[in-house]
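Colleague: As annotated in Swiss-Prot:
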BINDING   28-35, 94-98, 148-151  GTP binding site
DOMAIN    19-260  domain 'tr-type G'
MOD_RES   603  diphthamide
């Protein structure tokens, strides 16, 4: 039997022993060494050749990833590691660190119970490290720390042992500060990482060695030995004495929870149903014999097998041919194949039980975040939707070069929207022009060149990138009337800014649009009061839609109940296209103050009420001192002091604001923010300005008001582009 076949056999037998399973992710800032680390773990576990590890980047198996040298998608793999005399099954997900692909990280967090946070010893904590840690802790995923690229501190920066220790202490303190700040209440103080207990390891993923205090005690290697090996440039021998996979996977097994332990506190966090019900108990206890329930965390397109769903099972088991229910879209599907991931390959297995991550084919309708369960299980509500911290801020229009490719292009776009819920796709079959909104230039480029051009073979024309703006109100409008086309129905609205606490809670995912479908009015009211809304107003909330709220302030209007859905529909249409530039509104509170309806239902149908509400709400917003908001990016630049002036000049030319500066040695770190609209082509420009000597990264920083002097011009440009009147 080949080594690989033996590995598959081990994986299958270990799937049933829950205390020997670990579902883990590796997450970090871009280029801090996640994929190199993953490769060496695989090599240690016998999955790929040791000589190739680190160069092979087995989990970057997409051509686009290999070419760019970065991880774009989250890759999955299962492997076996011997620890404390017992074999353990480790399901590993390697996630991207580039800010444009953060959506993949968010979805991967739903599938795992523990995370190895990788921090580069040279750069320290970076913005994306903080973002991925926040996502992990929000999903109650326990972190451990690996400080990578330690050899560079010795060989390049020539730090003394004392400076080395100080650098490590600073990184550990910074990580713990973030963990303490963002941990769920019950884990404050318990989840901090600690050198002495072995929840921190140091090493070099590229040179394949690592060390932790427990491993030092076991092997009698000292820190002085490590310094000597690095300075003598003999890291190969060090890798034999302290192999990366042994140190790291021991740390994973010792410090990260198995699925039975993790699901006890993770299920109440992601599922708001009755935990005492049969399905509730089965999920909390990770029961393989209970009803089947799981969540699709990722959709992968395969040329031969079609859509493959990566699924984390919380209870029950899935066999080939099982019928499944897709809860959110109320559809049925059949699991045509059940497999485990081995990097780019999938290996078929007879069945997969609770607590594991598997690959399913046959779930054509499923999208990332979908809840799956057995057909006779009532899993209500479905799992909490997977919320992501950033928003799509750049849009491009695309058209097929050949009209015969149009149907194919529409299929591909629908598939992309299912695979990646951070992409917004608007399909216009009449004009043939379709809009894709993504997280940044690179995100859009990968979608248009790779997913549409390379994978689907559709040639497309891509328009100039357009920035996504928002509209918001800064004052309170008078009472504004909306009349139906037949003049028999009148509704009166007031628009004003939404309370900041409510808007922030919506951004953080504490209240969601779908709460109004899933929860009782009383539950919604309690939740709104908890986050700081006035109880009188909380009672009267009709709906929340994309960060805007509609309240019913009327009393005793008989026909209002039957008109309710139409009023909500009209409100949604109005805030989807604001009055200034037909951009989405955000942070607007609209109050329905009064309404007069025709007593005959035939005269107050959808064709009458929706336009009445739409014009009334839009006019109220227009009279509440409406202004434009633009998306902002936080920009972090680390540059040698000689080039600091050039880097700052490049930022100020792009309406950038310097927020903070820190100096360490001859390197300066600049923290700043700049509008997305000014950041096109920044990558090339900043490399030119600093002769390629700087490191830089960006992350989404929310929306801010457009400067008053620039607003008229921007509004005019948007309206012209959309074919609206500009006078």
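Glycine is treated like the rest: Cβ placed from N, Cα and C.
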Colleague: Roughly how many Å lie between the Cα atoms of residue 150 (GTP binding site) and residue 603 (diphthamide), rounded to a whole value?
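Modeller: Residue 603 (diphthamide) has its Cα 75 Å from the Cα of residue 150 (GTP binding site).
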Colleague: Mind looking up the mean pLDDT for the domain 'tr-type G' (19-260) in the predicted model?
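Modeller: On average, pLDDT over the domain 'tr-type G' (19-260) sits at 75.
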Colleague: Within 10 Å of the Cβ of residue 150 (GTP binding site), how many other Cβ atoms are there?
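Modeller: That number is 27.
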Colleague: Counting only residues 6+ away in sequence within the same chain, which have a CB under 8 Å from the CB of residue 603 (diphthamide)?
Modeller: 486, 488, 489
Colleague: Which of the three DSSP-derived classes (helix, strand, coil) applies to the residue listed as 'diphthamide'?
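Modeller: DSSP assigns the residue listed as 'diphthamide' to helix.
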Colleague: Can you tell me whether DSSP puts residue 150 (GTP binding site) in helix, strand or coil?
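Modeller: Looking at the DSSP assignment, residue 150 (GTP binding site) belongs to a helix.
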